[in-house]
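Student: Take a look at the following structure, please.
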Amino acid sequence: MFVNQPNQQQLPINTYPKWKYVLIVIVLSLAFLYAAPNIFGKDPAVQLSGLRDAMITQQQLDEIESSWEANGVEPVSVKPSAIGEEGVKQIIARFKKDADQLKARELANDVLNPTLENQNYVTALNLAPATPEWLANLGGEPMKLGLDLRGGIHFLMQVDMEQALKRQQDQLRRDFIDTLTDQEPSIRGRVEPIENGMLLSFRNQEDAERAYEALFKEHTGRIDLQLSEKGGRPIIRGTLNQQKLQEIKDHAIDQNRVILSSRVNSLGVAEPLIQRQGADRIVVQLPGVQDSALAKQILGATASLEFRLVDHEADVVSAQNGRVPPGSKLFESEYGPIVVFDEVEVAGEHLTNATASYDPQTNEPIVSVRLDGEGGSKMTRTTTANVNNQLAMILKESRPIFDIKDGKRVLVGSELEERLISAPNINGPFGSRFQITGRFTEAETRDLARKLRSGALIAPTFIVEERTIGATLGEENIQKGVTSVIIGFALVLGFMLVYYKLFGLVANVALTLNLVMIVCVMSLMGATLTLPGIAGIVLTVGMAVDANVLIFERIREELRSGSRPAQAIDKGYGHAVSTIADANITTAIAAIILFAIGTGPVKGFAITLFIGILTSMFTAIFVSRGIVNLMYGGRTVKKLSI
Amino acid sequence: MQILNKETNIDFLKLRKFAMVLSILLIVGSVTSFFTKGLNYGLDFTGGTLIEVGYEQDADIPKIHDQLEAIEINGAVVQNFGSAKIVQIRMPQQEHIENAKVGDEVLSALRSEGASVTKRDQSFVGPVIGEELKEKGGLAMIVALICIMIYVALRFEWKFAVGSVFALAHDVIIIVGFFSITAVEFDLTVLAALLAVIGYSLNDTIVVFDRIRENFLRMRKGSSEEVVNTSLNQTLSRTLMTSITTLLVLLALFFYGGQTIHSFAEALIVGVFIGTYSSIYVASPVALLLGVKKEDLMPPEVEKEGEEFDMP
């Protein structure tokens, strides 16, 4: 009885062509290779990073290393882990013992932050994967552990988009009025807010048409204009177009993400996660942090921007020696020391936008700044009276203060810090729109625009979800997760062996390989392992067996209906495959939908389930057949151990 | 070893009227409980604050209640969590205390009489998130069912598709009903479990359908009922085997996986039973009721089994 065996070619029954074995060996070797980093564990490490623009110089590094050597602390390796444009931003040093790690951190901190006032570097305790270098160079990395497995704090922050839109609406009102009054003769009309825009009404059709033309010329690409009539009066609806609305939202999210990142960095947390989630939320995860009140205080602190004037009458040198004139303050900046008046000319809340762009004439990178109406008139007053003075832009931010208690560096609170971010010359009077030029590179203008925006707080955030997972709970979760996987796995292996004998053993090998492959794929994808993820793996183990059960039951059936053993194997596999494929595809559909719609734990579960389905198809069908072929192929078989 | 030594020949369909009554009763019960008693939603859905604390001795729950009342915390649910020394306190959003401070206030109240209390875990979920989750969860369920129905309709036939979706809806409703009646906490992981059950039950159903299709083409004689019955018998030992192995791992999760995935494992254990039952007594009978017959499955089905995978 020869049923469909279309690709049989000249090979005898139950044999694989060589290339299939080669493929299996290659895939499995890769799987073992990339799953391997997970068994090496992690080394205690110290992470040194510069705050904001601070770089770690070679000199500092040398000093740190000799200080370690002098104190008998020997690092396993010292490597830069983040290199910025201007130098090394972050260094990770690994150690053998936990005690070394603590000591090394203190010593490094003494070098980098010699005084409590001047702390420009963060030293954090970390766990660095102990993956051998050659493997790490091949891209081998262990799986990341979710917060539920390592402890820490999770925040979900909502960005207040209404505020962001409202600011833009106010801006639009001013722009419209400016455009209409700039016309010759100026056009009169009424402006009132509508959703995402402004409604302008005019006395006559002629005014409306002129206004339409003027507005179109000046604001095209940013707003949608619509000329119509309402209550017998001509009106224009000017609304922000989709692209602009999206841009406003993206800016608001991006701004907040950047602010949050810089604050989280100042906390010295190892491997924090700051990620956009959906349209208007940001996830912040701080592994290892336990004090949620303090974390919230630092994340929630608002930065503010101030425009002040530079005090040219003050003597910079005597100010540096401590004689700062009253009412002024000395700032150290990349432009050298500058003395700035305390009085605020224009506050950052008036800033509506700051973007990096190009000077239309010279094509040089510049930063365009826009202020709201009130800010604009204040700025006009200030700049008219102070042409050729410098306008200092000061960013005020709170930053954490650390103190040494019982030999440990602890976070004791936060303080407000002022930073000069730019001090351009006032070339002439200007108002609500102005440009900052100064032989910038494109990256510099982007950075400056971002800093300015960060002080304007275009859209405030608030916490909508918060989870603190204690470190012990995390460890408990890992332990329980691993225990349950091992027990469940062992039960299934035992059962399969008893039930299907030699074939059960084949299934068990396939199952084990499946587990290795899941770990490999998750490590390669950089997926995060969470407790629900472990549950997903366990479930996959249970369900992956199903493929082999289907095959083996089919083989038994064939044997019962009188097929010879070799035929039974061939037909058993052949018949079962489409069933397995159908069943797995439908489950995969469910997993994909879970992933697309779910968040947090549901996503973690969906990822492992989906990966498990794919890898189980490979191991349960392809690999198990390979093994069976090796055992029974190419010879006469009297009896199957099934 | 074999559970079923010989080919079985159980007349499953004889019991289908009885099974239909049973299913309807279970569904009516579930729906009634869902609308009257509702679900014991977890923090993920309700919003509010959850604090898990550890005591050095066994915790005195009535006293904790008193301590909470003293600082005017309303609607708190206090329960042991996995051990007598660990207590979980769940409370809705408090009007007079800022969310950020609830944790500290509760902790200092618990410590007021000198007890040594450690905070193990604290969560706060805003009310918007909870609402969104309910919507998204429901949406996920419906989208999943529709996509699966389309796939089954394409691969098999619309009568099978309707049968499988009936079975899935049946499973979901009864598991939700189970959670409603037993008042076990319904959290985000249970939602994930529910979707996993859809996957599992579907897996079972597809295997049976696959065999029915094969037998329709192979058994020249025999009524649709006979074909279905034979198919159910032929797949029975596989159905049992897979249920057993899946149950083995789920039991391991249930007993050793810890509190966090307890409800998850529970939902799946119930799901495995219901899912196995429904693939025998709901999916196929519904397809039969819709009058599925040999002609429905005749070519243009040219595809031969196994061909896609190029198995020699």
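Glycine is no exception: its Cβ is also placed from the backbone N, Cα and C atoms.
Okay, so TrEMBL annotates it like this:
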type: DOMAIN; residues: A:13-125; note: domain 'SecD export protein N-terminal TM'
type: TRANSMEM; residues: A:21-40; note: transmembrane segment
type: DOMAIN; residues: A:253-311; note: domain 'Protein translocase subunit SecDF P1'
type: DOMAIN; residues: A:335-459; note: domain 'SecDF P1 head subdomain'
type: DOMAIN; residues: A:464-631; note: domain 'Protein export membrane protein SecD/SecF C-terminal'
type: TRANSMEM; residues: A:481-500; note: transmembrane segment
type: TRANSMEM; residues: A:505-525; note: transmembrane segment
type: TRANSMEM; residues: A:531-552; note: transmembrane segment
type: TRANSMEM; residues: A:573-598; note: transmembrane segment
type: TRANSMEM; residues: A:604-628; note: transmembrane segment
Student: Within the same chain, where does the transmembrane segment (A:531-552) have neighbours whose Cβ lies under 8 angstroms from its own Cβ atoms, ignoring anything closer than 6 residues to its ends? I mean 6 or more beyond.
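Tutor: Same-chain residues near the transmembrane segment (A:531-552) but 6 or more away: 146, 148-149, 477, 481-482, 484-485, 488-489, 492, 496, 500, 503, 506-507, 510-511, 514-515, 518, 522, 572-573, 576, 579-580, 583-584, 587, 601-602, 604-609, 611-613, 616-617, 619-621, 624, 642.
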Student: Mind checking which residues reach the transmembrane segment (A:604-628)? Cβ under 8 Å, same chain, six or more beyond either end.
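Tutor: For the transmembrane segment (A:604-628), the far contacts come to 14, 16, 20-21, 24, 27-28, 146, 503, 506-507, 509-511, 513-514, 517-518, 521-522, 525, 527-537, 539-541, 543-545, 547-548, 551, 569, 573, 577, 580-581, 584, 587-588, 591-592, 594-595, 598.
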Student: Residue list, the transmembrane segment (A:481-500) vs rest of chain: Cβ under 8 Å, 6 or more residues beyond ends.
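Tutor: Beyond its ends, the transmembrane segment (A:481-500) has Cβ neighbours at 149, 507-508, 511, 515, 531, 534-535, 537-538, 541-542, 545, 548, 552, 642.
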Student: Mean pLDDT for the domain 'SecDF P1 head subdomain' (A:335-459), rounded to an integer?
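Tutor: Mean model confidence (pLDDT) across the domain 'SecDF P1 head subdomain' (A:335-459) is 80.
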Student: With DSSP as the reference, give the number of residues of the domain 'Protein translocase subunit SecDF P1' (A:253-311) in helix, strand and coil.
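Tutor: DSSP composition of the domain 'Protein translocase subunit SecDF P1' (A:253-311): 24 helix, 19 strand, 16 coil.
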Student: Helix, strand, coil residue numbers for the domain 'SecD export protein N-terminal TM' (A:13-125) per DSSP?
Tutor: 50 helix, 29 strand, 34 coil
Student: DSSP says what for the domain 'SecDF P1 head subdomain' (A:335-459): how many helix, strand, coil residues?
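Tutor: Split by secondary structure, the domain 'SecDF P1 head subdomain' (A:335-459) comes out as 29 helix, 63 strand, 33 coil.
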